[in-house]
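Take a look at the structure set out below.
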Amino acid sequence: MVPKADSGAFLLLFLLVLTVTEPLRPELRCNPGQFACRSGTIQCIPLPWQCDGWATCEDESDEANCPEVTGEVRPHHGKEAVDPRQGRARGGDPSHFHAVNVAQPVRFSSFLGKCPTGWHHYEGTASCYRVYLSGENYWDAAQTCQRLNGSLATFSTDQELRFVLAQEWDQPERSFGWKDQRKLWVGYQYVITGRNRSLEGRWEVAFKGSSEVFLPPDPIFASAMSENDNVFCAQLQCFHFPTLRHHDLHSWHAESCYEKSSFLCKRSQTCVDIKDNVVDEGFYFTPKGDDPCLSCTCHGGEPEMCVAALCERPQGCQQYRKDPKECCKFMCLDPDGNSLFDSMASGMRLVVSCISSFLILSLLLFMVHRLRQRRRERIESLIGANLHHFNLGRRIPGFDYGPDGFGTGLTPLHLSDDGEGGTFHFHDPPPPYTAYKYPDIGQPDDPPPPYEASIHPDSVFYDPADDDAFEPVEVSLPAPGDGGSEGALLRRLEQPLPTAGASLADLEDSADSSSALLVPPDPAQSGSTPAAEALPGGGRHSRSSLNTVV
């Protein structure tokens, strides 16, 4: 029976479907190439970790609905552990997988690099391994490993040995003795205890550490052995072919310690930052990995107390990728987000902006120049009007009417004056005024009259300091009615008296053109007969004989 749309059975059926089906996943901010966990504090993990046999998400959603992995299952006990990613190394066989029955804690630093570049990390012993292909004897190889804070490798478990045999070590083109099989110096020595029917001896650890190690089986001795050698050094022989390597085929050899061979170094795991630098204990650093915004503390060779910075999503970009070396730096993967055309457009915009700025600046400078030019023209017109007011529009000879001559002639004007304040508007302090002389009015070159002559006009020709310079002049007055004698007397009186140090001509020139000498009143008209008196130079001077009228 199909429920009706308006009945409550349809609502119950819909709720049942929502309960049974998979809940909708929230929108997580995971980058491309990452797996989004359904719930928990860990939201994003690398995509290769999905279905790898080790639950990384807290809800184990990365191992849900995964195909079953067939392989050999080995039980483990105690603190013994194996590498959960064994068999997934370079060149390894994915089907050769060792399951772990011990619960592994989900750690935020489980994917971070704990060894420097070139070293292979093994989680079971928290150690790093590296093969050096340069041919050295046993003792030189041991010193090389010690300089790297390690030693020649020893093995504590069979799983550790399997991990070393499964690795594909770097193979340069020209390596020492590199063939289908290789021998590596390791940290064991075989001590001879007897030479009866056969060589008898025991294995010893050359460099003892804090952890327990297992001893190899009886070795294969070298074909050429010296009877004086009682100590032989161990060599681990492994094969280069992947088929033989993943079947754990290997052998132990006891060789002379002075033979040259490749060697295997082992060191404890350490904190390595994103720039492949070894970090000391207790220091903050950014571990190696895909998150450069992670900050951790180095403790026991592992990053702990990690704090991650959340970066804001880049604006205007739908698909992007994080920079693996710099925090909060993204690379846009949109078709036109990082194209050559976009770069060229940005460059063209920059060029156009520079040209526009240059044109605007040029226009401003041109406008300032035009304003100053108009102000100069207005000032010149004001000066012309000023000259027309004082000289009836006639141009003054010798006056500079150009812009450079402003202020040198009649009533100068400043360039900053726009003329609105009046023709004679000045700024403090005012410029010096220059007196103007009209060219059509001839100015006399004679000096002004003496000061004494201005005060006492009667003594214009008298200088008390020059009493001795004047000689008395006798003047005989004619009788009344003698016209000829009167005219002669008048002519004598009009002549200036000679002075010491000055000629008569100088005295004539020094007199003002508007001055005139008047003759005393006629004795015949006044009714009195004047007595003849001596002129200056005698014992008594006459001060009423001459009058000067200006």
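Residue positions begin at 1 at the first shown residue.
Each residue, glycine too, has its Cβ placed from N, Cα and C.
It should be emphasised that the depicted structure is a prediction, and the values quoted were computed from it without experimental measurement.
Look at Swiss-Prot and you will find 1-20 tagged as signal peptide.
Under the heading domain 'LDL-receptor class A', Swiss-Prot lists 28-68, citing sequence analysis as support.
What Swiss-Prot records for 69-92 (among others) is region 'Disordered'.
What Swiss-Prot records for 71-92 is compositional bias 'Basic and acidic residues'.
Residues or ranges marked as domain 'C-type lectin' in Swiss-Prot (evidence: sequence analysis): 115-241. Helix, strand and coil counts from DSSP across the domain 'C-type lectin' (115-241) read 19 helix, 48 strand, 60 coil.
Per Swiss-Prot, N-linked glycosylation site is recorded for Asn149 (among others), and the stated evidence type is sequence analysis. On its own chain, Asn149 (N-linked glycosylation site) has Arg267, Ser268, Thr270 as residues at least 6 apart in sequence with a Cβ closer than 8 Å to its own Cβ.
The N-linked glycosylation site annotation in Swiss-Prot covers Asn196 (among others) and rests on sequence analysis. Of all Cβ atoms in the protein chains displayed, 6 besides its own lie within 10 Å of the Cβ of Asn196 (N-linked glycosylation site).
Taken from Swiss-Prot, the feature domain 'VWFC' covers 270-333. Broken down by DSSP into helix, strand and coil, the domain 'VWFC' (270-333) contains 0 helix, 28 strand, 36 coil.
What Swiss-Prot records for 350-368 is transmembrane segment, and it gives sequence analysis as the kind of evidence.
Summarising the annotation, Swiss-Prot assigns topological domain 'Cytoplasmic' to 369-550.
Within 10 Å of the Cβ of Ser381 (phosphoserine) there are 11 other Cβ atoms, across all protein chains. The phosphoserine annotation in Swiss-Prot covers Ser381.
The feature region 'Disordered' is assigned by Swiss-Prot to 500-550 (among others).
In this structure, Ser381 (phosphoserine) is part of a helix by DSSP.
Here Ser381 (phosphoserine) is positioned 135 angstrom away from Asn196 (N-linked glycosylation site), judged by their C-alpha atoms.
Predicted-model confidence for the topological domain 'Cytoplasmic' (369-550) is 54, expressed as mean pLDDT.
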